[in-house]
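Trainee: Got a structure for you, written out below as structure tokens; questions coming shortly.
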Amino acid sequence: MNPSNYVILSAVLFTIGAVGVLVRRNAIIVFMCVELMLNAANLAFVAFARMNGNLDGQVVAFFVMVVAASEVVVGLAIIVTIFRTRRSASIDEPNLLKY
Amino acid sequence: MNTFPWLTALGVLPLVGSIIVALLPKSRPSLAKQLALLIALATLGLTIAMALQFDGGSAEPFQFTESYSWIPAFGISYSVGVDGIGLVLVALAATLVPVVILAGWNDVEGDSSKGSGSVKGYFALILVLETLMIGVFSATDLFLFYVFFEAMLIPVYFMIGRFGGPQRAYAAVKFLLYSLVGGLLMLAALIGLYVVSANLTGTGTFDYLSLVGLDIDPMTQRLLFAGFFIAFAIKAPLWPFHTWLPDAAAQSKPGTAVLLIGVLDKVGTFGMIRYCLPIFPAASVWYAPVIIAMALIGIFYGAFVALSQQDMKRLFAYSSMSHFGFIALGIFVFTTIGESGSVVYMVAHGLSTAALFLTAGFLMQRRGGSSMLGDYSGVNKAAPVLAGFFLFAALSSLALPGLVSFVGEFMVLLGAFQRYMFVGALATLGIVITAAYVLRVYQKSMTGPLASGLEGMADLKGREIAALVPIALLTLVLGVFPAPILNVINPAVNQLMTTIGATDPPTTLTTSTSAEGTLQ
Amino acid sequence: MINAGAVVWAEGAPVLQEVMPATGVFSLIWLLIALPLFGAAVLLLGGRHTNKWGPYLGVLTVFGSAVIAVLMLLGLMARGAEERSIGQSLFTWVFAGRFEVNMAFQLDQLSLVFVLLITIVGTLIHIYSLGYMSHDPDKRKFFGYLNLFVGAMLLLVLANNYLLLYVGWEGVGLASYLLIGFWQIKPTAAAAAKKAFIINRVGDVGLSIAIMVIFVTFGSVTFSDVFGQAGSANEGTLTAIGLLLLLAAAGKSAQFPLQAWLLDAMEGPTPVSALIHAATMVTAGVYLIARSNAIYDRAVWAATAVVVVGLITIFMGAIIGSAKDDIKKSLAGSTMSQIGYMIMAVGLGPIGYVFAIFHLLTHGVFKAGLFLGAGSVMHGMKDQVNMRRYGALRAAMVVTFVTFMAGYLAIIGIPPFSGFWSKDEIIHAAFERSPIIGGLAILAAGITGFYMTRMVAMTFFGKARWEDDVHPHESPAVMTIPLIILAIGSTFLGMALLFWGNIETWLEPVVGFATAKSPISTTTTIALSLAFVIVGAVIGWISYARREVPIVAPRGSWLTRAARQDLYGDAVNESLVVRPSFLLSRVLIWFDSRVVDGIVNGSAAIVGGSSGRLRRYQSGFARSYALSMVGGAVFVLLALVLVRLS
């Protein structure tokens, strides 16, 4: 199978993720979209590794997975804390970090 | 040669001292002062011991050299050494620090307003500054020089910003920003110089002596020169980069002002003579007319602004600006007498500034810190000793013959006259305005009937006199017998003249037919 | 016309003397200067501990110098004429490149006469001051400053090069500044002191630049090197040097156009006026020009300028002296005028140098006597200086009166008093040069007769116009003895120097001497000048001794009013120099804070303002940040693609 299809798929997934981050308000969904973008990138890395015939892309993919896992831990914790104090998971509400 | 690491020892001593002073308990301020004074005096003693070992006739470009590799990947090393010019400036710094400590003994006492620092902090900062000043005058690696040059800002920023007058924050930030702008330009030029040296020799270096030997093409020279020069012109300060100085001087403690103007600003003129001229000789000649014009404007501009200035500290700052014009003039006329005179002038100006600011500081302390001329009158009646020192400082500032400032000023003017007759003659007119503004200050503050509120004003006490006497003595002795400094300055200047390939114009009588002295 | 006598100049020029090493008493040249300076240092630094004996130390140090000077005179007289120039070098003072100046002294016939004048008159005035200043709380400082002056003045005349001379030159200026402002609690005194210093600095600029030209031309500033090569320099350069030195001389000697400070300088104590502003310091300009004769002899136009400046000042001083009611200011005008004679005489070249110095010596003695006499009068009149408040004092102060009369007869030039011989020689030399100069000199002598008679008449004759609580009395012996000695000098010094001392042959090796044919004979000159003087004196006598002198000065003619205003010298300085300078100063202060600093603060304000606007974009909405991130990423991507494509 042509590896470039994987790249196209990865681009589509990335775009879906990016649009999701921009348009959705629920923090959980935004969060999932971020994960989607990360995994789209992973897919691209693996595809490039295949295309180039070396292992560099796969190694990076592992790194991304580790980062994604850490990010989930921290991010979910923050979301839960915000939800506890504000009784809402909308990301438009906590806008105190300005000016 | 002896192997004792003189310069490193000189630099480390005050640094260690400052750490100890800073670690002392806050409740014992007098111990901090005494220790600081002791360290400063020890440093002075070490400097004198070093200066006595200096060999004026040596053919080496630098003495007391040390060199250790620091960042070999970029050709950066910790190398220090002094020539005659560096030596007298190191000596100047080492002389003024104990004087300032002694004079500023009670300056930061009871200053418990918000945001101001502790007594020990002030003295620790002075000692740190001494280390950096010694470092900046003795670095022979440009990167090391740059590090010292920028690091000096830190203690001075705090000395102005935490221990100064009501507008101290403004003055400190202005000083910092001005200096940083200059510093960044210099950093860019420094990196450029490194790249050029890498291109020319294959291996990049920051070593001064290797850089002096480089044959850089004129266009590049001009660009790099500008980077260095603007940094130095801000530090010196030359017109029109001077407006930070009056604010900084007016807001800082007298002692800070002395170190700032007396020593720190000399880094600017020292940089011109040590780095701009030898590394970029062609660019120096190319820029010389512009710089001489700036110097001339500065001489008269500073003097005229000082003429009707009401605030004494600002007045002295502008007078310093005028004097820096003379120093820069001497440097950029490329005559032996001019260069030598400039260095003497730097020393003289350090001493006369110290005398002026400290005496004025003692005066202001007796009237709640007011520096307005209008608040003083007839002080001579109440405090004749103070008035006497003030007059001496004023005379030293107007370069009375017999004092060291005259030696410097006359040599600068003569050097300028030798190269450009009209420039020299024009600059000489400056001495009249100098006399006018200096004597105006004396007349307004010291003569006439005693101002109300000054009755029963105390004359100078032992500690204050002890701080002023060494300065006065040096001013007088070096004015009558300047050989001790000329003997070390002249060989360095001769070497500089050879390096930049300039020769003095011949006397018109002996060689009226042969060519004029050359610059290149 | 005025240059008619120029031909004689080259002939009279002296051959440069060989400088002998300093041996015997001459090895003490440095001590001449060091003694008074030592006294000054002890008195000024010693503080109150020296109050009691300090003034005596001050007198002793100057007296010590005077003794050494007399010994040196005897030593020089014992030597042959060609061995009378002695040099002593202490150490190298300033050096860099080809520039090398030694701390070195030169004692020759010219410096020695100055040294004698300074130390002997100086000693007398120091002694007089013991009495005059006895009640002053700052007496110690006064003697300290006087000693400083004597030391600096001796340095000025003993220096063997121009740069060291400059040190003395400004040193005496400093002493003069300190002493004019001695009673600095009076704002007028402090202002007068500052004015004197600043105007002198204008002259010093001339000296500074002259030294530079000299170095650039000759490669040395030592007298012997410069004068030895003067012949090979071109005339333009020599003229420039001459004019610059003239500017310096005009500053120090209160000559036109830098004359304005001398009248104000009378704010100082009277002994100061006698020593500094009459006998010694103000004659330094004459010394400078006479010393530089090798230059002026070869620069005709510079010498002519010297004559013109001298002539203008002779008349300015005489006119001012005729109108002032303040006895000291009247004497100051007279000093200006008499120094004008000397300056004019040195401008005449070898026919005049010797007589200028001759007149300088006699004037130094009789004018010191006159000033001290005026001081004695003031001492007895509760420091009153207005002559309209004097009158009929001859009976109350006999010694002062008699000694003052000796000075009076000397200054107006009645034979055989000393001023007659010296002034007459100058007038004669002026005729040798040109009848116009000679005629003007004689006319001025007539005015001298007028104003001096006016002064004597108003002070010692006529009716008493004293204020009520004033009881004139003779001064103590410590003051009258110097007066008597100076009066003896005023009477006999002229004859002594001319007939016994042979002043022409004494000075000739240094300054040169020549005579030229005069259009009128010596006898005619004497007769003419005596006639003018007597006419002037008679007019003065009739107007001020025979008639009642009003206590309030009458309005007077326009010339009198102008003279009372120092011929508007101050007004000119004020409107041409002082006010424009301060205006410029204020403009520059404005410019500095608004424009130069304005640009700096303006750029700071621009940065601050734009950052204030930019921070609005920090809205707090996480999704708008995300959008800008995406926008940025897309932008970078597009840019990359575009670069790739092109």
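For all residues, glycine too, the Cβ spot is worked out from N, Cα and C.
TrEMBL does not curate its annotations; it predicts them automatically.
Not my notes, these are from TrEMBL:
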- B:139-434: domain 'NADH:quinone oxidoreductase/Mrp antiporter transmembrane' (DOMAIN)
- B:6-24: transmembrane segment (TRANSMEM)
- B:36-54: transmembrane segment (TRANSMEM)
- B:84-105: transmembrane segment (TRANSMEM)
- B:117-137: transmembrane segment (TRANSMEM)
- B:143-163: transmembrane segment (TRANSMEM)
- B:175-196: transmembrane segment (TRANSMEM)
- B:223-245: transmembrane segment (TRANSMEM)
- B:257-280: transmembrane segment (TRANSMEM)
- B:286-308: transmembrane segment (TRANSMEM)
- B:315-337: transmembrane segment (TRANSMEM)
- B:420-439: transmembrane segment (TRANSMEM)
- B:465-489: transmembrane segment (TRANSMEM)
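How about a rundown of where these features are and what they're close to?
Mentor: Only residues 6 or more beyond the boundaries of the transmembrane segment (B:36-54), in the same chain, are considered here, and those with a CB under 8 A from a CB of the stretch are 2, 6-7, 9-10, 13-14, 16-18, 21, 63-64, 82, 84, 87, 90-91, 94-95, 97-98, 101-102, 123-124, 126-127, 130, 134, 488.
Using a Cβ-Cβ cut-off under 8 Å and counting only residues 6 or more beyond its ends in the same chain, the transmembrane segment (B:84-105) has close neighbours at 7, 10, 14, 33, 36-37, 40-41, 43-44, 46-48, 50-51, 54, 56, 62-63, 122-123, 126-127, 129-130, 133-134, 137-138, 253-255, 258-259, 262-263, 266, 270, 273-274, 343, 346-347, 350-351, 354, 358, 361-362, 463-464, 466-468, 470-471, 474, 485, 487-493.
Outside the transmembrane segment (B:117-137), and at least 6 residues removed from its termini, the chain residues within Cβ reach (under 8 Å) are 7, 10-12, 14-15, 17-19, 21-22, 24, 26, 29, 32-33, 36, 39-40, 43, 80, 82, 86, 89-90, 93-94, 97, 100-101, 104, 107-109, 144-145, 148-149, 151-152, 154-156, 158-159, 162-163, 253, 255, 259, 263-264, 267, 270.
Taking Cβ pairs closer than 8 Å, the transmembrane segment (B:223-245) reaches residues 149, 171, 174-175, 178-179, 181-183, 185-186, 188-190, 192-193, 196, 216, 261, 264-265, 267-269, 271-272, 275-276, 279-280, 283-284, 287, 291, 294-295, 297-298, 301-302, 317, 320-321, 324-325, 327-328 in its own chain, all 6 or more past its ends.
Within the same chain, residues 85-86, 89, 92-93, 96-97, 99-100, 103, 126, 129, 133, 136-137, 142, 145, 149, 152, 156, 159-160, 193, 208, 211-212, 214, 216, 221-222, 224-225, 228-229, 231-238, 245, 248-249, 313, 316-317, 320, 324, 327-328, 331-332, 334, 339, 342-343, 346, 349-351, 353-354, 357-358, 496, 499-500 sit at least 6 positions outside the transmembrane segment (B:257-280) and bring their C-beta atoms closer than 8 Å to a C-beta of that stretch.
Panel annotation: around the transmembrane segment (B:315-337), residues 233, 236-239, 242, 245-246, 248-250, 257, 261, 265, 268-269, 272-273, 277, 284-285, 287-288, 291-292, 294-303, 305-306, 309, 345-346, 349, 353, 356-357, 360, 373, 397, 408-409, 411-416, 418-420, 423, 427, 430, 434, 437-438, 441, 490, 493-494, 497, 500, 502, 504-505, 517, 519 of the same chain, lying at least six beyond its termini, place a Cβ under 8 Å from a Cβ of the stretch.
Tertiary neighbourhood of the transmembrane segment (B:420-439): same-chain residues 292, 296, 299-300, 303-304, 306-307, 309, 315, 319, 322, 325-326, 329, 333, 394-395, 397-399, 409, 412-414, selected by CB-CB distance under 8 Å and a gap of 6+ residues from either end.
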Trainee: Given a Cβ distance threshold of under 8 angstroms, which distant residues of the chain, six or more beyond its ends, lie next to the transmembrane segment (B:286-308)?
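Mentor: Distal contacts: 218, 221-222, 225-226, 229, 233, 238-240, 242, 315-316, 318-326, 328-329, 332-334, 416, 420, 423, 426-427, 430, 433-434, 436-437, 440, 519.
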